[in-house]
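Visitor: Marked as ATP binding site by Swiss-Prot: G30, R31, S32, G33, S34, G35, K36, T37. Per Swiss-Prot, the feature domain 'ABC transporter' maps to 1-232. Taken from Swiss-Prot, the feature domain 'Mop' applies to 292-358, supported by sequence analysis.
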Amino acid sequence: MLDLDLRRRQGEFRLDVRLSAGPGVTALYGRSGSGKTSVINMVAGLSRPDEGSISVDGRVLFDSRSGIDLPPEARRLGYVFQEHRLFPHLSVRGNLEFGQKLLPSAERTQSLDKVVELLGIESLLDRRPAKLSGGEKQRVAIGRALLASPRILLMDEPLAALDPARKAEVLPFIAQLARRFSVPILYVSHSMDEVLRLADTLALMDGGKVAASGPLESLMGDPGLRPLTGRYEAGAVIGAVVSSHDSGFGISRLAFDGGTLIVGRSELPVGAKVRLRIHARDVAIAIEPPDRVSIRNVLPAIVVSVAPADSFLVDVILACGPTRFWVQITTLAQAQLNLVPGMRVHALIKALTIARGDVASVD
């Protein structure tokens, strides 16, 4: 458990952060200048709060009242930066072993072979960094940080310098880290796609403060947080399981608490647990079940709430069993449908609107 109570003034900018981050991946998300990198650098010991405290699993790293301020090398934290920062004169193996050599053998909790296998870098061990692609360099940097046996792994926009293809290469490895190695991760990003793929817990930062924090699914489905999560990111994040594939039609079926969704053919095996994003703008509402319609996902639902978003849009929350969907419709549509809480309706979701990138494995 990472516990933060941080205050610092930098010119006109005031940072005032209180946050507890447990197991899994906690994402710090916010606009540029909201204070995300300042927080992670204070945790790492690269900058100093004016006052407050930092502790990991009850071990105090910083406390302004008692005068505790451990240097970075004594904090047992791994840090992955935007740039790989590998040693150019060492091979990949040498860079990885450097992380291990920082600790006595008895304190090493991670195996070189296990890290190399997870990150898929067996064939790179004898190469120098200059001979690696951007994605390969970042995977090696992640491995070096892991082999320092950190109590928590800090990642400051580790994919920001990569092109889309290299990001797609590295993301699956990061997604497995917390689960395979039981290392909590504090992940800084301004990319909602990355956050939705990786985070268990979301902390929304705004103006130097944590404006809201909690389970990813809860925060992403809250219309009141739209100014922080982004208008075009609005929607539901739900858990599901791959229940079947149909190669003849090129589709997969995903079972969730509330029904089954048809999506484009997934490469994930039957039984795989996934996280699924459904944009609020991609859901339609019908009062009666439609007849002979091309939309494959027609889900019985109950209206939970209806609230104006602006002069053009209305936010509607639907319940399909215990699962909530956030839907955006026009004010004209609301005037014609006259939706009210408790009304029975049908949610319509085109299979084509659920992109492959919106379905992520959580196994």
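Here the Cβ of each residue, glycine as well, is placed from N, Cα and C on the backbone.
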Visitor: For the binding-site residues listed here (G30, G33, G35), tell me which residue's CB has the most neighbouring CB atoms inside 10 Å.
Guide: G35
Visitor: If one looks at the chain holding S34 (ATP binding site), which residues at least 6 apart in sequence have a CB under 8 angstroms from its CB?
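Guide: Within the chain, S34 (ATP binding site) has Cβ neighbours under 8 Å at M205, D206, G207, G208.
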Visitor: Among the binding-site residues R31, K36, whose Cβ has the fewest other Cβ atoms within 10 Å?
Guide: R31
Visitor: Cβ atoms within 10 Å, counted per site: which of S32, T37 has the most, among these binding-site residues?
Guide: T37
Visitor: So around the ATP site, G30, R31, S32, G33, S34, G35, K36, T37 aside, which residues have their CB within 8 A of the centroid of those CB atoms?
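Guide: Other same-chain residues near the ATP site: H190, M205.
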Visitor: Let me know the model's mean pLDDT on the domain 'Mop' (292-358).
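Guide: That stretch averages a pLDDT of 93.
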Visitor: How many of the residues that make up the domain 'Mop' (292-358) does DSSP mark as helix, as strand and as coil?
Guide: 13 helix, 34 strand, 20 coil
